[in-house]
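Swiss-Prot annotations:
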| type | residues | note |
| --- | --- | --- |
| ACT_SITE | ASP391 | active site, proton acceptor |
| BINDING | ILE214, GLY215, TYR216, GLY217, ALA218, PHE219, GLY220, VAL221, VAL222, LYS237 | ATP binding site |
| DOMAIN | 208-554 | domain 'Protein kinase' |
Amino acid sequence: MPSSTLLELAPNTHSKCKFETRNRSSSSSSGCSSSSTELYDLAAAHAALISRQQQILNQGIPIIPEHQLAAAAVAHHHHQLHPSVQHQLVAGHHHHHLPQVAHHPAILPRSDVIQQPSHFALHQHLQNLVQQQQQQQALHHHQQLVGDMALVSHTHPAAVGSTTCYEKNPQKQQQVPQIPTQPQVAHVSSNAILAAAQPFYQPPVQDSQPDRPIGYGAFGVVWSVTDPRSGKRVALKKMPNVFQNLASCKRVFREIKMLSSFRHDNVLSLLDILQPANPSFFQEFTSWHLTPSIHHQRLISHIKPICLFFVLPLVSLLCAHMYVCMWWHGTALLEGRKETITYVLTELMQSDLHKIIVSPQTLTIDHVKVFVYQILRGLKYLHTANILHRDIKPGNLLVNSNCILKICDFGLARTWDSRDRLNMTHEVVTQYYRAPELLMGARRYTGAVDIWSVGCIFAELLQRKILFQAAGPIEQLQMIIDLLGTPSQEAMKYACEGAKNHVLRAGPRAPNLQSLYRLSQQTTDDAVDLLVKLLKFNPDERISVEEALSHPYLEEGRLRFHSCMCSCCYTKANVPSRIFSQELDPKHESPFDPKWEKDMSRLSMFELREKMYQFVMDRPALYGVALCINPQSAAYKNFASSSVAQASELPPSPQAW
């Protein structure tokens, strides 16, 4: 009987790997990628925040900030803990209520939190668990119970990560949405205490939802699958034809490198990379290309004086010999093509902003402010990392029912240097959200192209339809001019000459900015002011992401987000009010060096493939256990045949001026 899931544990799964216990309830199985996702009432949630905080204080549950949780995770790398402790560390990313892990093997409670007797019992019990850690027997039957159920699998213990994997079960009745803030801390903390008291390991409860496709694009196919290590739903992205050409190899390596560095509430992060089934594939694949060149060189050096009549038969025999050797060593050509697919696991969200916009549900002005604030907040994180997204659109903005938004899809993203504007392709950004300089063939552009896209999305949220919906690039440019007026020569300094002449031939046209007030009945002066600054024709005059975040229109959105939605702010048991982070809109901790892009451009296909392979193999697997594709899964046939978007499904190409 074929198993139901696409992912399974890798064949070389370590027998002593430990997995965290996962206690699931009906309220924890939330959301799927569907257009019916209902958003929380932000105003009601904000009004109930104070009473909920008081409830937390009465229960005496410790809450710690994010940076202490990070320190706890670092300490965990040095000390193997009981699976229930691992569960607390993983869950701590979303619920800041767990005891701090010291660098000593013992689990020490925080001194600044009033502790209940249950916490002292937990402390003593965890100490006993750590002392008995080396004496526990490995659960060798776990792979037999779980391995056949999942699409991916794991190998050996390593680092512990945190996930944000939510998906609705369409077979279950939808729960009334509640913002997952401090009131849920009591429930999760009690579950953690009960889990720590269990003397025996319990395997994670598998999600019963079937694996299914949830989206595809020009560079990949995304499936919703179950991670057998945790039982959670995650997104599996399949990127085919990685080594088809040098440009494709660079794009995939760039995307994986970026996703691995993201740690932000509003940017999708990488959970894991599936290691190749054949670890020596890259070396064997390289030999396919190198060996013929060596044989050909030797052949040519020996057959120069020989008649051409003998050349073709010898070459044919040589090629036949190569393929026989590859078959003899178990490396078939078709198998090599199969291995050019790269699989990555990311967080799974419930829906995206496009589905929310076209749905019949109500979008209040509070929702608009919170969404726009989060888009700009995530964009600041990317721009400070020297990354241009170059495809900001509602479909690439994932949303959960709690209104958390994450920027995704970095297939077109690349690093850049603000001090040295290099030529880049203008075939980026979906047409409806493409900045005018890109429409006019500019090759040197900045992060202002992302800012323009945010302005288009802002207007789309207000009026619930696309702002500039044109059939082609020329009509798109004309719609922009109809709104903003004819640009000056200075505003078109990055455009190509053909585009400039086209605009000037049309004659001058006055701006029509007053039409922005008709986007919605709730459009205010502040909203129009921010829109106008986001939609400046001249990219040098367009507002920066930092300036946009400080705009008065987004003050309420910032307050709502950091009152009950973010992970950077926290609440202490002995402090009645929420403690806000000093950096509400954080920057990237380690920006990409612009030299990295230049160095990568000098690499050959073989060198780049070697670097990519080394990066994948050196990266520790999530939970310390690697995964692989399960060919026995019932969904494997459909998964293997799923392909990227065809040329006819893609947006029109930019105008060739």
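Quick reminder: no glycine exception, Cβ is built from N, Cα and C everywhere.
Distribution of Swiss-Prot features across the structure.
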residue: ILE214; record: ATP binding site; DSSP class: strand
residue: GLY220; record: ATP binding site; DSSP class: coil
residue: ASP391; record: active site, proton acceptor; DSSP class: coil
For the domain 'Protein kinase' (208-554), what's the model's average pLDDT?
83
To the nearest Å, how far is the Cα of VAL222 (ATP binding site) from the Cα of the residue listed as 'active site, proton acceptor'?
17
Can you tell me the CA-to-CA distance separating ILE214 (ATP binding site) and ASP391 (active site, proton acceptor), as a whole number of Å?
19
Return the residues near ASP391 (active site, proton acceptor) by Cβ distance under 8 Å, restricted to its own chain and a separation of at least 6 in sequence.
ASP409, GLY411, LEU412, ALA413, VAL428, VAL429, THR430
Rounded to a whole number, what is the top Cα to Cα distance in Å among the residues the record ties to ATP, namely ILE214, GLY215, TYR216, GLY217, ALA218, PHE219, GLY220, VAL221, VAL222, LYS237?
14
Taking the Cβ of ILE214 (ATP binding site) as the centre, how many other Cβ atoms fall within a 10 Å radius?
20
Test of understanding: give the count of other CB atoms lying within 10 angstroms of the CB of TYR216 (ATP binding site).
17
Just going by other Cβ atoms within 10 Å, which of the binding-site residues ALA218, VAL222 has the emptiest spot?
ALA218
Spatial neighbours, same chain, of GLY220 (ATP binding site) - Cβ under 8 Å, 6+ residues apart
LYS237, LYS238, MET239, PRO240, GLY411, VAL644
